[in-house]
C-alpha cells in the first residue's frame, strides 16, 4: 500500500512538473511572439508623418513630433521596448484612468456611476454643452467635466493632501516616483479658463466635492505628470493583471473593480473615436493629448505608446496604428474567432 502511494505521489509530482514546465514554455513562446509583433509595429509606423501636436497648450506644441516609443509589459512581468521608450511626455488624459481607480477604491463603483456617470457624450471631451444637456451630470470620468468631478470627490478634502494622494497613487501604478512637467503645468494653468468654467458649472449643479479652483488645480497637476511609454505600459499592466502589479507584486486595486474600469475605457477612452476603435480592435484603451496611449489586453499584457502627433479626435496616430497592428497580428481581439481558435490550439498543444 505504501509502495502504491509512493508511486502515485511520484506520478502526480512528475505530471505537475511537466505541466508547469509546458506552461512556462508556452508563456515564453507567446512572449517572444508578442515582442516580435511589437517590433514589427514600431518599424512599420515609425516614419509616418500624419497628425499634428496639440496646439491649444503651448508646451505640447513644441514637443518633438518624431518622438515614438513603444513598450509592452506582460502579466508575468516581461518587458519589451522599442524606439524612444524613455522619452517623457505629459500624461494628460491617460491619468484619468488611475484617478478613477483611486476614487472607486475609496468610495465604491456605485458612487462613481451615480455621481460621475458612465455614459458616452458623443461630444468633444471639453464640451460645456454636453454638461448642460445632461443637467449637470459629468457623464463619464474621461471627459474633462467627469475628470474634474472625480478629483473633487477624493479624500482628504484639503488641496495639499488631495494632491499628495493623487500623486502617490500614480507612483504606485508606475512602480517609481514620477516627475512633474513644470512647463506643461505652467502653460495649462495660464490657459485653463474653459476648465474653470466647467468646474463652476458643475458646482452650480452640486456635482463638485470641493471648490472649482481646487478641483481644476488638482486636475491640471495630474495631467502634467511626465511619463514614458515604459511607465504607461507598467501602469496599464496592473489593470491587465487584475489589480496586482506584475513587477512589484503589490495589490494596487481590488480585482472586482478592474472590469468596471476597463468597461469605462471601452465607452469613452479614446474620445469621440471610442466606438470605431473598439469596433476595430475589441481592446480597452485610453489616450491623452500629450501623445500618450495605453491599451489593455486583460490577462495578457499592456501596451504603452508615446507619440505626440494626434488625429482629429485627439488620439495619437502612430499609437493607434501600432496597437491595432499588434492586436491583429497576435489575434488579441477577445471577440475574434481566431483568438478563440488560438486558445483552443494552445490548450490542445499542452
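Keep in mind that glycine also has a Cβ here, set from the backbone N, Cα and C atoms.
Feature annotations, reproduced from TrEMBL:
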- 93, 144, 188, 195, 219, 271, 289: substrate binding site (BINDING)
- 1-26: signal peptide (SIGNAL)
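Across the annotated binding residues for substrate (93, 144, 188, 195, 219, 271, 289), the two most widely spaced Cα atoms sit 20 Å apart. Counting every protein chain shown, the Cβ of residue 271 (substrate binding site) has 25 other Cβ atoms within 10 Å. Sequence-distant contacts of residue 93 (substrate binding site), defined by Cβ-Cβ distance under 8 angstroms and a gap of at least six in the same chain, are 125, 142, 147, 223, 286, 287, 288, 289.
Just so you know, the Cβ of residue 289 (substrate binding site) picks up 24 other Cβ atoms within 10 Å once every protein chain is counted. Cβ contacts within 10 Å of residue 144 (substrate binding site), excluding its own Cβ and spanning all protein chains shown: 24. Around residue 219 (substrate binding site), the same-chain residues at least 6 positions away in sequence with a Cβ under 8 Å from its Cβ are 144, 147, 148, 151, 195.
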